[in-house]
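So that you can see what the record holds, here are the features copied from Swiss-Prot:
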type	residues	note
DOMAIN	9-278	domain 'Protein kinase'
BINDING	ILE15, GLY16, SER17, GLY18, SER19, PHE20, GLY21, ASP22, ILE23, LYS38	ATP binding site
ACT_SITE	ASP128	active site, proton acceptor
MOD_RES	SER143	phosphoserine
REGION	394-494	region 'Disordered'
COMPBIAS	395-418	compositional bias 'Low complexity'
COMPBIAS	432-444	compositional bias 'Low complexity'
COMPBIAS	445-479	compositional bias 'Polar residues'
Amino acid sequence: MDLRVGRKFRIGRKIGSGSFGDIYHGTNLISGEEVAIKLESIRSRHPQLDYESRVYRYLSGGVGIPFIRWFGREGEYNAMVIDLLGPSLEDLFNYCHRRFSFKTVIMLALQMFCRIQYIHGRSFIHRDIKPDNFLMGVGRRGSTVHVIDFGLSKKYRDFNTHRHIPYRENKSLTGTARYASVNTHLGIEQSRRDDLESLGYVLIYFCKGSLPWQGLKATTKKQKYDRIMEKKLNVSVETLCSGLPLEFQEYMAYCKNLKFDEKPDYLFLARLFKDLSIKLEYHNDHLFDWTMLRYTKAMVEKQRDLLIEKGDLNANSNAASASNSTDNKSETFNKIKLLAMKKFPTHFHYYKNEDKHNPSPEEIKQQTILNNNAASSLPEELLNALDKGMENLRQQQPQQQVQSSQPQPQPQQLQQQPNGQRPNYYPEPLLQQQQRDSQEQQQQVPMATTRATQYPPQINSNNFNTNQASVPPQMRSNPQQPPQDKPAGQSIWL
């Protein structure tokens, strides 16, 4: 039985949860396009989906704002159909073992600034800035950061007169305590400054892997919020941003000194990180940590498969197989990371726990040498496998292209860049993959993209009239099962 909303959108597996509802994978039965469907019970104590859908419609057209396809009531549920997106930044953060490089954080920050500035420019504040509410796109929008979950958003000024809402106190905490601003904890009405302060906490979290107020013990939610507030009040900006470039400290100090109704200087804040990117000689090429790690792993495994196919490597040998234990998974990730650092040393610059000061760009760039030294312990066969895998990909790509009357361009060979810059190892294969994704998107080929936390739930439809295909299911998910590990022998030498 097909369970549908809006007559043409079929409900699939559960893929996540928002502030006031669950989100499911869906399919447009007419076009085959994949979508996301958010359901909220009409018996909810504080229904928000109708309000959220109106905010989406009002913000539609902005870069990184999902497009709403349909909203309405189906049976005992309010349903909203929007664009299907990729993994959240929290999912990707966990994939990268809870640490992003400075380059990835800067590239994300510049996009997140733009999303928040657009929302503020349309007279709304988000009020729940956190990694879970920023998702990467799919296909040709795979490098674009999207913002979701406007159930807690609020209009902070009049649409016509732009008159700001009045200052108030004794407000309850709205949002996520970990990333909430100090003024939000103090019960002060939120405004634009609070979204930006929350974003600062998110960026520091990405760099350091945690925030000082995580892991505090408490018996009640109120006690936990109070302890988080106390910790935030006692941690200075200098301490919070120790070990990070000075620009992070300047950003947090600026946000904390904003007045309630003051318009932030978004250009100044963006310029802080743009200038830092220039000082560190980064390129905004949208090649994030997870992109490089997945690409590196794929190239090594590609060479493993070729060696097994040629008979040069036994798939069941100790060199080609690996245990599925947790320790071995961690070791595998570390080897992949070292491989990526060896090939792309200027990309992986990280926060160092021992740093108690704000490192200069020159000190950060010195990590390039450390990255090379750290990767020197890798077996030569791993480095050769990565090189061979990349070379095989370049050789096979022209053969995979669709034949046409015009000759296909040949892939460029790796060349050492002038002035001792890094070789152009990766753009060509990744850009060609993006071009193929773009062509598939234009041909309306459904793309199977799921979030890292997706598991198929069990759907009980016994309480529904099977003759009414448009009635949504009574969602009763069984406890989620962890994803099954790959069998031994799926990673070369890892």
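We count from 1, first residue shown onward.
Each residue, glycine too, has its Cβ placed from N, Cα and C.
On a predicted model such as this, the values are computed, not experimentally measured, just so you know.
Structure with Swiss-Prot features highlighted.
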{"residue": "ILE15", "record": "ATP binding site", "CB count, 10 Å": "21"}
{"residue": "SER17", "record": "ATP binding site", "CB count, 10 Å": "13"}
{"residue": "GLY21", "record": "ATP binding site", "CB count, 10 Å": "25"}
{"residue": "ILE23", "record": "ATP binding site", "CB count, 10 Å": "21"}
{"residue": "ASP128", "record": "active site, proton acceptor", "CB count, 10 Å": "22"}
{"residue": "SER143", "record": "phosphoserine", "CB count, 10 Å": "17"}
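In the three-state DSSP reading, GLY21 (ATP binding site) counts as coil. Annotated pair GLY21 (ATP binding site) and SER143 (phosphoserine), C-alpha to C-alpha distance, rounded: 27 Å. Across the structure, SER17 (ATP binding site) and SER143 (phosphoserine) are spaced 23 Å apart at their Cα atoms.
Calculated from their C-alpha atoms, the gap between the residue listed as 'active site, proton acceptor' and SER143 (phosphoserine) amounts to 22 Å. For the domain 'Protein kinase' (9-278), the mean pLDDT of the prediction comes to 95. A coil conformation is recorded for the residue listed as 'phosphoserine' in the three-state DSSP classification, outside any helix or strand. A gap of 20 Å separates the Cα atoms of SER143 (phosphoserine) and ILE15 (ATP binding site).
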